[in-house]
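Engineer: Just dropping this structure here.
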Amino acid sequence: MTQYFRSLAFFLLPVPATAMACDGWPSWARGACQRVDQIWNEGGNDLYLTGYSWHNRAMYSSDKIRSFNELAWGGGLGKSIYDEDGDWQGLYAMAFLDSHSDIEPIAGYGFQKIGRIGADTRLGIGYTVFLTSRSDIMSRVPFPGILPLVSAGYRDATLYATYIPGGKGNGNVLFMFGRWEF
């Protein structure tokens, strides 16, 4: 459990530092810095709940499927905004049980183009860029990633899904989680 808290602290400690002034940043990175600063300082608070990961049955043996944990329980916190174009942008930090029932911390940035279906309903498509750590990949050394991200939302609740690609016997996982704006 101590390892879990160390991993989570690794991801959470840099987050408040993003609220610094962006003037000293190179011009090519200043826009990203300013957006992160805006999300951190002006964004609403989010509660994330994880709960399901589906392993593609065509890529694993039935014995291997039975060994996997597909109830990826966990949660986290984040901050997000709907920008001047109506698109969603957010920062998040979560921890959940991975396929081997080990705790996986993750922290990152998400972006989605949002299509509105009425006043309260929306669909989104975009991506997430993140840093994570897994016991079965590089012995918990944090590593970056980028994944597609789709969503369906109603009022303050949004359901997200991403697909982790892979080969025969690894990856190929549909991961679903939710976000509640408060």
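Any Cβ shown, glycine's included, is placed from N, Cα and C.
Annotations per Swiss-Prot:
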SIGNAL    1-21  signal peptide
LIPID     Cys22  S-diacylglycerol cysteine
LIPID     Cys22  N-palmitoyl cysteine
ACT_SITE  His55  active site
SITE      Lys64  site 'Role in lipopolysaccharide recognition'
ACT_SITE  Asp98  active site
ACT_SITE  Ser99  active site
Engineer: Take the C-alpha atoms of Cys22 (S-diacylglycerol cysteine) and Asp98 (active site) and report the distance between them in angstrom, rounded.
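Structural biologist: Rounded to the nearest whole number, the Cα-Cα distance is 36 Å.
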Engineer: Rounded to an integer, what is the Cα-Cα distance in Å between His55 (active site) and Ser99 (active site)?
Structural biologist: 9
Engineer: Find, for the listed recorded positions His55, Lys64, the residue with the lowest Cβ contact count at a 10 Å cut-off, counting only other Cβ atoms.
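Structural biologist: If we count Cβ atoms within 10 Å for the recorded positions His55, Lys64, the smallest count is at Lys64.
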Engineer: Do any residues at least six apart in sequence from Asp98 (active site), in the same chain, have a Cβ closer than 8 Å to its Cβ, and if so which, in order?
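Structural biologist: Asp98 (active site) has long-range Cβ partners Ser53, Asn69, Ala72, Glu104, Arg134, Ser135, Asp136.
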Engineer: What whole-number Å value do you get for the CA-CA distance of Ser99 (active site) and Lys64 (site 'Role in lipopolysaccharide recognition')?
Structural biologist: 11
Engineer: Please work out the number of neighbouring Cβ atoms within 10 Å of the Cβ of Ser99 (active site), leaving out its own Cβ.
Structural biologist: 20
Engineer: Can you see whether DSSP assigns Ser99 (active site) to helix, strand or coil?
Structural biologist: coil
